[in-house]
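A.B. asks: As annotated by Swiss-Prot, transmembrane segment applies to 3-23, 74-94, 106-126, 149-169, 175-195, 226-246, 254-274, 294-314.
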Amino acid sequence: MTLITLIINPLMYIIPILLAMAFLTLVERKMLGYMQLRKGPNIVGPYGLLQPIADGVKLFIKEPVKPSTSSPTLFLLTPTLALTLALILWIPLPMPLALTDLNLTILFILAVSSLSVYSILGSGWASNSKYALIGALRAVAQTISYEVTLGLIIISLIMFTGGFTLTTFNTAQEAVWLILPAWPLAAMWFISTLAETNRAPFDLTEGESELVSGFNVEYAGGPFALFFLAEYTNILLMNALSTILFLGPSFNTLTINLNWAIKTMILASMFLWVRASYPRFRYDQLMHLVWKNFLPLTLALITWHISLPISMAGSPPQL
């Protein structure tokens, strides 16, 4: 492999993701606009289509202001880490072919997504601001809590499919989508992904009325744009993963890419719809939901999915 190939391959993967993420921000602003009986962005370019590009250019040409009391290295390192991790997570996704087909894809995704906690905590601490630190601590507690349920839901799904690779999910769902037999898991998964990506109604980390802007309050210009890119890249990733886990592939192999993309965009628009419809949770309600409702239910379902095949083993097939 030549040096050019080594550079072009990742770029061919990264640029479409970043473009999709940029236009997701436009879709969000348009959708929220129409839900609030207004137009949304419509000045920059035809129908406001160039708005994300204008926003990106505007942010990156602004001066990156650093607080005088902040930790300079960590302050600039954490946004870079956030975006890097968000893009690394796309590598093993079968769309329908992965850039790198790993044997333990799901374990890799769980491991890398849990590392994003460090970028949030680091940014809150390095800012040397009480609002940023409180926002970061909230974000970390929320992310770690909901990762527990995401992990348990995935364990249940692995029992259905019989493998840790995402390609086995495609094979297992040829007959029926997993959203039908495992709809309680799908509902909990969707709500947990909302919380994991810090989206409304779980956007307690950036509660403007309490914390100004959360852990990224001291960031401006380029570093702020990197956090913004990471957040929306993670939203798209979670919806792409939800599509692979619960909504299966297309039966028509010619349109498998288009089919996957349409399902992902429908789920992403549901994320935006939820933001327009629901008020923010109180912090204790957020924690009660995961530790007192989701955790017992997911553990019960895991027990059920383990015990059912064992108890039915040896019984004649007609039963």
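From the backbone N, Cα and C atoms, a Cβ is placed for every residue, glycine too.
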A.B. asks: I'm a bit unsure how to read this: which one of 226-246, 254-274, 294-314 has the highest number of Cβ pairs shorter than 8 Å with the transmembrane segment (149-169)?
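C.D. replies: Per the Cβ under 8 Å count, 294-314.
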A.B. asks: Taking contact to mean 3 or more CB pairs closer than 8 A (sequence separation of 6 or more), are the transmembrane segment (106-126) and the transmembrane segment (74-94) in contact?
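C.D. replies: They are in contact.
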A.B. asks: Give the nonlocal contacts of the transmembrane segment (175-195) in its own chain as ranges (CB under 8 Å, at least six residues past its ends).
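C.D. replies: Residues packing against the transmembrane segment (175-195) from afar: 142-143, 145-146, 149-150, 153, 156-157, 160-161, 169, 201-202, 238-239, 241-242, 245-248, 267, 270-271, 274, 286, 289-290, 294, 297-298, 301.
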A.B. asks: Taking the transmembrane segment (74-94) as reference, which of 3-23, 226-246, 254-274, 294-314 has the most Cβ pairs under 8 angstroms?
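C.D. replies: Comparing 3-23, 226-246, 254-274, 294-314: 226-246 has the most Cβ pairs near the transmembrane segment (74-94).
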A.B. asks: Which residues of the chain, 6 or more past the ends of the transmembrane segment (3-23), have a CB below 8 A from one of its CBs?
C.D. replies: 52-53, 56, 87, 90-91, 99, 229, 232-233, 236
